[in-house]
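Student: This is the structure I have questions about; it appears just below.
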Amino acid sequence: MHRLLLLGCFWLLTAPTVSSIFQRPTGSPAPPRLQYLLEPLHSTVHTQRGATATLPCVLRALPQNYRVKWSKVEPANYRESIIIITNGLYHKNYGPLSPRVHLRHSHRYDASLTITDVALEDEGRYRCQLVNGLDDESVSLTLHLEGVVFPYQPSNGRYKFNYHEAKRACEQQDSRLATYQQLYKAWTEGLDWCNAGWILDGTVHYPIINSREPCGGRLLLPGVRTYGAKDKQKDRFDAFCFTSALQGLLHPGPPELQGGRAGVSQPRGCHRQGGAALLGLEVLPAGSLRWGVAGGRQRALPHHHPPGALRGAARPRRPQLRLPQQGDEDLRHLLLRGEVGGEVG
């Protein structure tokens, strides 16, 4: 009997504790469940320049004392810039977006943010945060502009821009430096370009579809190749710019003609030499488009897109824009200012 008692005591002393048996699961913890905010049905809102866009943020219940804060995550430094703060009765706007934003307020639970006259720099990630005492919760949404990415270089050759010059050059062509997400999306749609260029976050990349010797060799896999972050003052490359058509400036022809001419406003700085800037588009019967290059000979940009891969806002009776495929003589009529250079292999 004493031997059995000793064995029982020994088993109790050596048995693992409950906390060691039921260990917490490893890995990323599940995001906390939203208590007051409704999860938006779609996390991305698609729009175009000049349009009005609304980012949804709706409360399921109203806390006794609360604030709702809208902010934008800046892609260049990942800091959040406050846009608007409200307590349900009063609100205050902040920053450069202040004149163009307001709360939709379609009902007492609605804290959705409306942006009028959407600009190129409005694209990005936004956060709607509910602050309720010590507790807060938030939803994130992405505003996506339909548009095109194009490489840009001055007329005197490639690799002439530092970061700040590349930024100004894109702005002079009625565009802005592309984000990595925009460049990556353009690559998935067929953008193939050998020269490295600056993008908005200060890194340098070039997208390759067809591996070849002048573009790092045939053994490297296709992709968006990167040089990483470079010195914004000293290092010199080309630029990858992003532009979006202005809403209301692109008009298809009369229905009876099944086509016509569609005009695109002339970009600011289009008189400057070098690079590429979208000036016009001709819509032909059966919905096809023709393209060309202003200032002399007709040629395509050295880009490759799969057949039928049009870019732009998909709206009824509105032509869609993309940069042309090499050899698409009967497909597009894009008027481009100056010559577009590039070692395309």
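All positions are counted from 1 along the displayed chain.
Including glycine, each Cβ sits where the backbone N, Cα and C put it.
This is the feature table in TrEMBL:
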{"type": "DOMAIN", "residues": "32-140", "note": "domain 'Ig-like'"}
{"type": "DOMAIN", "residues": "148-243", "note": "domain 'Link'"}
{"type": "DISULFID", "residues": "Cys194-Cys215", "note": "disulfide bond"}
{"type": "REGION", "residues": "298-330", "note": "region 'Disordered'"}
Student: When you tally the Cβ atoms that lie within 10 Å of each candidate's Cβ, which of the disulfide-bonded residues (Cys194, Cys215) has the highest tally?
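Tutor: Answer returned by the neighbour count: Cys215.
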Student: What are the DSSP helix, strand and coil residue counts for the domain 'Ig-like' (32-140)?
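Tutor: So the domain 'Ig-like' (32-140) is made up of 6 helix, 49 strand, 54 coil.
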Student: For the domain 'Link' (148-243), jot down how many residues DSSP puts in helix, in strand and in coil.
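Tutor: Result for the domain 'Link' (148-243), in helix, strand, coil order: 22 helix, 30 strand, 44 coil.
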Student: Across the whole of the domain 'Link' (148-243), what does the mean pLDDT come to? Round it, please.
Tutor: 94
